[in-house]
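Asks: Here it is, the structure, as structure tokens.
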Amino acid sequence: CHLIHYLRLSHHLIVLNYVIHTFDKLKFVSSEDINITDAVFDGVEVRVFEPPMKGDERLKRSVVYIHGGGWALASARTSLYNNLCRVMAESLNAVVVSVEYRLVPEVRFPEQFHDTLRATKHFLQPDVLAEYSVDPGRIAISGDSAGGNLAAAVCQQLSKDEHLTIKPKLQALIYPVLQAFDFNTPSYQQNKNMPVLPRYVMINYWIDYINANYDLAHSLLINNHTALDVGQALSFRGRLNWTSLLPSSFKKNYKPVIQTTGKAEIIQEIPALLDVRAGPLLAENETLQLQPKTYILTCENDVLRDDGVMYAKRLQNAGVEVTLDHFDDCFHGCMIFTVWPTDFSAGIQTRNSYIKWLDENL
């Protein structure tokens, strides 16, 4: 993929997505019990999973789901996410709306955020909910990895929208990526070479998402963009102070990486690095206080572990009821790997725990 990119034949992410979709055709699992349809919500493609009505049932609960893939890969239509949403619809007897937001390199930040926000706000209209027989008081917004990033950012935006009459009851975030401020949290240091999502890959996803230059990778890796002399970063430092937000079992013996002098021009050229729509963990307490009851799933073998744990702690400090569901023996991305030949016990374990929480709280 990178060779093709280097030869300027195509963007490596386009090639990688092609490979994913080619192999994906082998894994589809269908269900006669769930009606699966494709629709367009305010210009954004979605896939809707509808279980049949049971008995005298009138309204169903619902989940708006946003898939992961570094804002650049996968799809609501790939079998891994199709199967996840089908199982959710069956297990919860809920209408699941899976958002097919546009990807890098076709679009960059903030377009993925705008796509998911538009689709979600469209679905939350009373007439649309009525069309799908959804209870307006029992709607969750959820997503994994980059989808968890978008779910958290959209939920924050919805919570501040005074014109919106219907808002999510819950948010459920699966190993979400929530900040590009500090790439040296203990989990980033501990899992920097962990397969599936090593640190350099996560940094490259950020660079692609915010439309930056790969030459910045090293500066981001050593936190030059948030050094002590970078004035724009000062107001955010306390909101991401992992020495106070993480438990000692996660901090271990790792030390903060805070540069005295850095490169302020990075933030000037790429303000998205400190944009709360890209990094929901940067949000002020006033916004966090407005968030609904929250579930956050984290995995020990994941550079993003501390993003989720810090967000849980900040939400708790703001008065939000939070369930932090941590798995010591699991890895980033594991929840979608539940179908042969990638039917891992970690996937079944995390998916069951996530669906159980939704079932008990939605």
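Yeah, the Cβs are placed from backbone N, Cα and C, and that goes for glycine too.
Per TrEMBL, the features are:
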type     : residues : note
ACT_SITE : S145     : active site
ACT_SITE : D302     : active site
ACT_SITE : H332     : active site
DOMAIN   : 63-221   : domain 'Alpha/beta hydrolase fold-3'
DOMAIN   : 275-335  : domain 'Alpha/beta hydrolase fold-3'
Asks: For the domain 'Alpha/beta hydrolase fold-3' (275-335), how many residues does DSSP put in helix, in strand and in coil?
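Replies: Counting residues by DSSP class gives 22 helix, 19 strand, 20 coil.
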Asks: Measuring Cα to Cα, how many angstrom lie between H332 (active site) and D302 (active site)?
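Replies: So the Cα of D302 (active site) lies 5 Å away from that of H332 (active site).
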Asks: Can you give me the Cα-Cα distance between S145 (active site) and D302 (active site) in Å, rounded to a whole number?
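Replies: Each residue's Cα considered, S145 (active site) and D302 (active site) end up 11 Å apart.
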Asks: Measure from the Cβ of S145 (active site) and count the other Cβ atoms within 10 Å, all protein chains considered.
Replies: 29
Asks: I'd like the Cβ neighbour count for D302 (active site), meaning other Cβ atoms within 10 Å of its Cβ, all protein chains included.
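Replies: Around D302 (active site), other Cβ atoms within 10 Å: 26.
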